[in-house]
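In what follows, a structure is listed as structure tokens, so that the remarks can point back to it.
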Amino acid sequence: MTEQKATNITWHDGDVTRADRNKLLGQKGATIWFTGLSGSGKSTVAVALEQALFARNKLVYRLDGDNVRHGINKNLGFSAEDRAENIRRIGEIAKLFVDAGVIALSSFVSPYRTDRDLVRAMHAESDMDFIEVYVDVPLAVAEERDPKGLYKKARAGEIPNFTGISDPYEAPETPELVLKSHEMSLEEEVDAVIALLQQRGILPA
Ligand SMILES: Nc1ncnc2c1ncn2[C@@H]1O[C@H](COP(=O)(O)OP(=O)(O)OP(=O)(O)O)[C@@H](O)[C@H]1O
Ligand SMILES: [Mg+2]
């Protein structure tokens, strides 16, 4: 639980509500949370999904791994503690987007179950949709792909705390969706997410 440091603070409501913004945009804000090993395909699927949703006139915004670490989370590293804070902040940012009526696509390894469950709980508390998508590939496949050359560096001992090599990955137990990106095409993955969003009433059927 993150310590609340400030005292004497009061929430100030506006007159325009989330429902108003959803109505204006003709959509329902929601968070689609991709989790999986580095190289599993989280960013690749998020980019393709962003394009597919945008083509349906939906306002979407991607939050992606290293991008966030360049800015708001530049003071965080890869210890378990920093990873937890990284994910908590991203969760809060995703919630701001949902509140704004936007469909937020987040692509982070987010290897720890408790961190992801915290973000899920944060969404539930505000009655917001949180769709956890597990991009599930065997480590060998991710390592073979190695799109950023990170596994090679991790195997050479150049990257400490590397998920799958020297740090654990805790798979989701009950994700809303599993994408086995070594057995599905990118198009099939995008279709599967869109079908789920339709089922959940986030997108019109
Ligand atoms: N069906 C598929 N779905 C997604 N990616 C695929 C698929 N088939 C092959 N790939 C390839 O797998 C790689 C996935 O890399 P990507 O950067 O998307 O992974 P990531 O999960 O975002 O990793 P990181 O956590 O390091 O950011 C890409 O090179 C992509 O082209
Ligand atoms: Mg990525």
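Glycine is treated like the rest: Cβ placed from N, Cα and C.
According to DSSP, S110 (active site, phosphoserine intermediate) is assigned to coil rather than to any helix or strand. Taking a C-beta cut-off of under 8 Å and a sequence gap of six or more, S110 (active site, phosphoserine intermediate) has these contacts in its own chain: W33, T35, R83, I87, R116, V119. Among the features that TrEMBL reports, active site, phosphoserine intermediate is placed at S110.
Summarising the environment of S38 (ATP binding site), the number of other Cβ atoms within 10 Å of its Cβ, over all protein chains shown, is 25. S38 (ATP binding site) falls within neither a helix nor a strand when secondary structure is assigned with DSSP, and so counts as coil. TrEMBL lists G36, L37, S38, G39, S40, G41, K42, S43 with the feature ATP binding site.
Marked as domain 'APS kinase' by TrEMBL: 28-180.
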If you skip the near sequence neighbours and keep only those at least six away, which residues in the chain come within under 8 angstroms of S43 (ATP binding site), Cβ to Cβ?
D64, G65, S107
Out of G36, G39, G41, give me whichever of these binding-site residues has the highest number of other Cβ atoms within 10 Å.
G36
Enumerate in sequence order the recorded positions L37, K42, S43, S110 whose Cβ-atom distance to ligand 1 is under 6 angstroms.
K42, S43
